Amino acid sequence: MICPYIINISLLVGGILSWAIMWPLIDARKGDWYSADLKSSSLHGLQGYKVFIAIAMILGDGLYNFVKVLGRTFIGLYMEFYKKKARSSSDPDSSSSLSYDDKCRTDMFLRDQIPAWFALIGYVIIAVISIIVVPMIFHQLKWYYIVVIYVIAPALAFCNAYGCGLTDWSLASTYGKLAIFTIGAWAGASHGGVIAGLAACGVMMNIVSTASDLMQDFKTGYMTMASPRSMFVSQVFGTAMGCVISPCVFWLFYKAFGNLGVAGSAYPAPYALVYRNMAILGVDGLSALPKYCLIFCYAFFGFAIVINLVRDLVGKKWAEFIPVPMAMAIPFYIGSYFAIDMCVGSLILLIWRKLDKFSADTFGSAVASGLICGDGIWTLPSSFLALAGVKPPICMKFLSRAQNAKVDGFLES
């Protein structure tokens, strides 16, 4: 109910394309393309096609938007520099054109700005701590890998923060994937390249995403005339709280649900599987792919780029009717049930808007937030019940026609 209709339709299209068309066709080649004796979780079987084709679409979409946002960033910087130079030559007192409110906002923001020396020293201290501590946690991630990340990260963080301000699109995950492939390949399979790549991804994403998030918050603070120093201190406290709360929440889920992260469970953690297999691909190369999977990956990688290009060329009016590749890729490995849930929410909102558009536009987000909070809050008592060993009185599961026939046959025998 919060996402645009085209996102939910994209999820549905991706679910139909993958689970209704592609996976049955590939599964029919079992024994020819891949061994029929493989486990369902093996990357050399059907699971490999699901994961790597989804990765190809995600990488194609990410690469296209990375180039687009980076291009807009450089164009924006050039235009800003050109305008600033023109203003300084034509009107030395260009600030006089600002409104009274903007002058007050600018004065407040500049008066309480964070000194450059403080930012530089803070970054160096955090880098030193990371260089010492992170290799103790992940032995495969050597200290010189982290040095390289912290040297490169400021430039990437600046580009991401500026690009996010222009387009409202953070590319932190794209920079994280870049770290997976580069550090993973650098370390190699014999030196734990998979773990090194994933750990490097975590370090890179935290640096780059924090920069864009903080700049977005500073923009909000500028508009509301809040002190940048107060906002920064609040961010530090929030980060410190997260360092304690997040591991506790993970421990609670890990202890309460023994199948956490397992495909088909209540909490499959699908992105964990995707990023792990990106690391495997970066370390082992194309040998990790099952038969003909590389051809499919090339096709869907190009498909994602072409779809994004068409969306940008046709304009905003017609782009609303063209699916989004990133959203289409999600059901490829999560499953189609998620797309059905999303489309049901869109259908409810669509009917509501037909009956009372003003009420739907006013309260739609509130209703969606209530559904999200209610579903999320229930996980807490559910976890405690699971820790106490309480079992639900009934279980419900939906099966395909073929699986249902097997179950019926088993019960009859």
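Counting begins at 1 with the first residue displayed.
In case you wondered, yes, glycine gets a Cβ from its N, Cα and C as well.
A quick note: this is a predicted structure, and the numbers were derived from the prediction, not measured.
Positions annotated as transmembrane segment by TrEMBL: 5-26 (among others).
Residues or ranges marked as transmembrane segment by TrEMBL: 46-67 (among others). Within its own chain, the transmembrane segment (46-67) is flanked in space by residues 18, 22-23, 26-27, 30, 34, 40, 169, 171, 173-174, 177, 263, 273-274, 277-278, 281, 288-290, 293, 296-298, 300-305, 308-309, 324-326, 328-330, 332-333, which lie at least six positions past its ends and keep a Cβ under 8 Å from the stretch.
Here the transmembrane segment (114-137) has Cβ contacts under 8 Å with residues 143, 146-147, 150, 154, 199, 203, 228-229, 232 of the same chain, all six or more residues outside its ends. Per TrEMBL, the feature transmembrane segment maps to 114-137 (among others).
Here TrEMBL flags 143-162 (among others) as transmembrane segment. The list of residues near the transmembrane segment (143-162) in space but at least 6 beyond its ends in sequence, with Cβ under 8 angstroms from a Cβ of it, reads 70, 73, 76-77, 123, 127, 130-132, 134-135, 170-172, 175, 179, 183, 186-187, 196, 200, 203-204, 207-212, 214-215.
If you look up TrEMBL, you'll see 232-254 (among others) marked as transmembrane segment.
For 260-280 (among others), the entry in TrEMBL reads transmembrane segment. With a cut-off of 8 Å between Cβ atoms, the residues of this chain six or more beyond the transmembrane segment (260-280) that come close are 40-41, 43, 47, 51-52, 54-55, 58, 176-177, 180-181, 184, 193-195, 197-198, 201, 253-254, 288, 330, 333-334.
The annotation transmembrane segment is assigned in TrEMBL to 292-310 (among others). Non-local neighbours of the transmembrane segment (292-310) in the same chain are 33, 48-49, 52-53, 55-61, 63-65, 68, 286, 322-326, 329; each lies 6+ residues outside the stretch with a CB under 8 Å from one of its CB atoms.
Long-range contacts of the transmembrane segment (330-352) within the same chain, counting only residues at least 6 positions beyond its ends with a Cβ under 8 Å from a Cβ of the stretch, are 1, 3, 5, 7-9, 11-12, 14-16, 18-20, 50-51, 53-54, 57, 268, 270, 273-274, 359-360, 364, 368, 371. Here TrEMBL flags 330-352 (among others) as transmembrane segment.
Proximity of distant same-chain residues to the transmembrane segment (232-254), defined by a Cβ-Cβ separation under 8 Å and at least 6 residues beyond the stretch ends, is recorded for 114, 214, 217, 260, 267, 379, 383, 387.
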